[in-house]
């Protein structure tokens, strides 16, 4: 059986008050429309078409790696009109098409699979997703036959007294036999107060043709649409709870779930402990047995097993197993830190490689450098990597000892097994086995304060 999906992503999203199309706003680090696409794909639906409109180039840019096709809706004339715009996508296809909305990011792949299975096994011409809510005010009601089949969808304003008591509501997400849908679209009109073409009318047309219409009921959170920043925040809360629950089931400890923020694509190994206030973003991988203390942010990075991070920021970098980072360290993009290293307080590292067992304990800047293993950086060391025009490279070998308050003027090379005296400014290569001293000789001028009249008596 051929299955495909159409995702409606052309809405303007006026209530978002944003220059961006609504569907590219993110929930837990991923665009809403990409949440829907990815869950459709997890349900083994490979052929996906997006109906796009306002801000189409932006939507294309955010979905370019999702292998989808596009249909253009120049004017937003209703959900039915959006599907009419995708008729070319459905042309010559036989099978089943599901229709989802790009602003409902909480739909799960399990529900999508259930929708197709229910639709196909029941031999329905159309199947819709519904939900039951305590307060259905404003929603279209699902009115069922005694057999359980869907009889009709009635908009709230058109409900009679009995229909107003119904608390099963329409989600705006459907499954259709493709041939039935295309035939029904031919009979769709905009004879209503808004002058729009409604997809709900397709259900009525299908029913009048004598075809079966069914519905599956899912939790409300799965069909919750996002039309404002308030609803975006509500969707974020639901998604964050799902994400944190998944990690806890897989053996991760959260000291406080409510104040821990993890993006949807993050992977975390078991026996990792995460303290309040941590933010883990993008395609980050945290391996097993790590401890992330409060107020740490990690983005698009790989953190090896047994790493301890405290009050620090790690961006687009790799930290080897058994390393400690922080407090208050800043690991900038393209940094690779080896195993069992120590990156201490107020240390900034940028676009550098740090070898195994190297210690950079405090108040140090390392940029555009290659640092070997078992090195020690004293407090206040600075790799001076910018010459005023371009960034230059520094190379430091294994077992180098860099004394406190040292400046390494790039480009420069410090070879294996070297010592640099505290307070030095190194501008030339330091040979292996050498002690480098590059500082002015101390001069004591005795009686100078007395001569200047500055001596306090």
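Cβ coordinates are placed from backbone N, Cα and C, and glycine is handled just like the others.
Quick look at what Swiss-Prot lists:
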- 362: active site, proton acceptor (ACT_SITE)
- 8-11, 22, 73, 78-79, 140, 155, 170, 227, 332, 350, 365, 376: UDP-N-acetyl-alpha-D-glucosamine binding site (BINDING)
- 103, 227: Mg(2+) binding site (BINDING)
- 385, 386, 422, 439: acetyl-CoA binding site (BINDING)
- 1-229: region 'Pyrophosphorylase' (REGION)
- 230-250: region 'Linker' (REGION)
- 251-457: region 'N-acetyltransferase' (REGION)
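Cβ environment of residue 8 (UDP-N-acetyl-alpha-D-glucosamine binding site): 51, 79, 82, 83, 99, 100, 101, 102 lie under 8 Å away, each six or more residues apart in the same chain.
Taking Cβ-Cβ distances under 8 Å and a sequence gap of 6 or more within the same chain, the neighbours of residue 332 (UDP-N-acetyl-alpha-D-glucosamine binding site) are 315, 316, 317, 348, 349, 350, 351. When the Cα atoms are compared, residue 22 (UDP-N-acetyl-alpha-D-glucosamine binding site) and residue 227 (Mg(2+) binding site) turn out to be 8 Å apart. Of all the recorded positions in the record (10, 78, 103, 140, 362), the one with the smallest CA separation from residue 385 (acetyl-CoA binding site) is 362. Among the listed recorded positions, namely 22, 362, 439, the Cβ with the most fellow Cβ atoms inside 10 Å is that of 22. Of the listed binding-site residues, namely 170, 227, 385, the sparsest Cβ surroundings within 10 Å are found at 227. Secondary structure from DSSP puts residue 170 (UDP-N-acetyl-alpha-D-glucosamine binding site) in a beta strand. Between the listed binding-site residues, namely 365, 386, the fewest other CB atoms within 10 angstroms of a CB are found at 386.
Across the structure, residue 422 (acetyl-CoA binding site) and the residue listed as 'active site, proton acceptor' place their CA atoms 15 angstrom apart.
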